């Protein structure tokens, strides 16, 4: 019951009352330091009160709990060395780490905790010592891997076509070699080495990604942009395309260019994932993800309806015309593609003015230009501009969240020998088996002095105003004017005292 009450207090809107009640309940806890402490009992979702405060974005409760956990090591003048307990914060030995919970929640208030002590210092330590070097090395390794795969695709086994053309529009001059003909010369053996590296890389990608999907869940793993959800979809699809290409090569099946071309596009687009390691480029990847999977996905439904309607109209108009003179709409699939190009203004109106054009072509093309070019494209630009404005105001928070998500990912993937645990074990200071982060804090006495002055002046103004309000409420309507003048006098006295106080504050500053 006591543990349930602690979890309820974390969710209370009155944070000051919740902190006082939290301390009161813990004062009756018999196992304050043992494993049966109320603070260490998780709820049904596996969250302790400390982790729940982070998930809910309750910064007041989080700071209160951190103050209870810290240990003052020594103090000398304005310098103070503090040991912060990071047992539940550090993701090194936690299955459900505090940092991962913060970046995976949808509440923006939770990301503000990443800028608080000691979370900010812990993330900075991990990222600067291990995260950034490993991430840059991983980015370089992936680019070299993609270069290897691209060269294997460029020099794939082809041979001249021996059959006759089936139609006048047939333009094929090379065809794919059979498996027995693909690995004969020395150049083919070099390409075989690159293909083996590509296939091994695809298998490694699937081996690393699938356990995280099972652990976190597909909805959260692919749906969170900060965790890189869309990029996980891209890299898994890329690995599957590589395996499909391998199967088609081994079975001598024609058409391997389809999965191979998809893999090239997806593999090189995944390079944008590594932009999150740089503060200048990291927020832009978030903008791209939100634009593609937010604005663009909604816009594509409208675009598909417009393209289908006008492509059908264009096909019907040119159905009776000679395709040799007006070949852009010679069949329905080509009409769809041509209308798509017209929608994005990639090409001009496909018309041969050496022959007579149907009258309805001018009417339909005029309506298409008004709806597609003037209306819908400007609507898309406005939607993307709004998304850019919203993300630009959160880019610092998003950058920190990306760094945390990347650090947790690397810490889980890399062996323990390459990523030692951060912090200091409590045994060195007689504090048990808990781990602590040592932080040196410099206290500026002038700053605290000015804050005391400010609070004193605020309290004085508030007292003077309350006294005047009480006088006004205690008397009847007959003394309204008299008490109103007394209230104005009280307020003027408050202004005078505040003015004097601020003069003292300016001189001290």
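Glycine residues also receive a Cβ, built from the backbone N, Cα and C atoms like all the rest.
Caution: TrEMBL annotation is automatic and unverified by curators.
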Worksheet item: Given the ranges 105-125, 168-188, 231-251, 336-356, which one is assigned the annotation transmembrane segment in TrEMBL?
Response: 231-251
Worksheet item: What range among 192-210, 211-229, 382-400 does TrEMBL describe as transmembrane segment?
Response: 192-210
Worksheet entry | Which listed span TrEMBL calls transmembrane segment, if the choices are 43-65, 66-88, 296-318, 411-433 | 296-318
Worksheet item: Across the domain 'Ion transport' (135-394), what is the average pLDDT of the model, as a whole number?
Response: 82
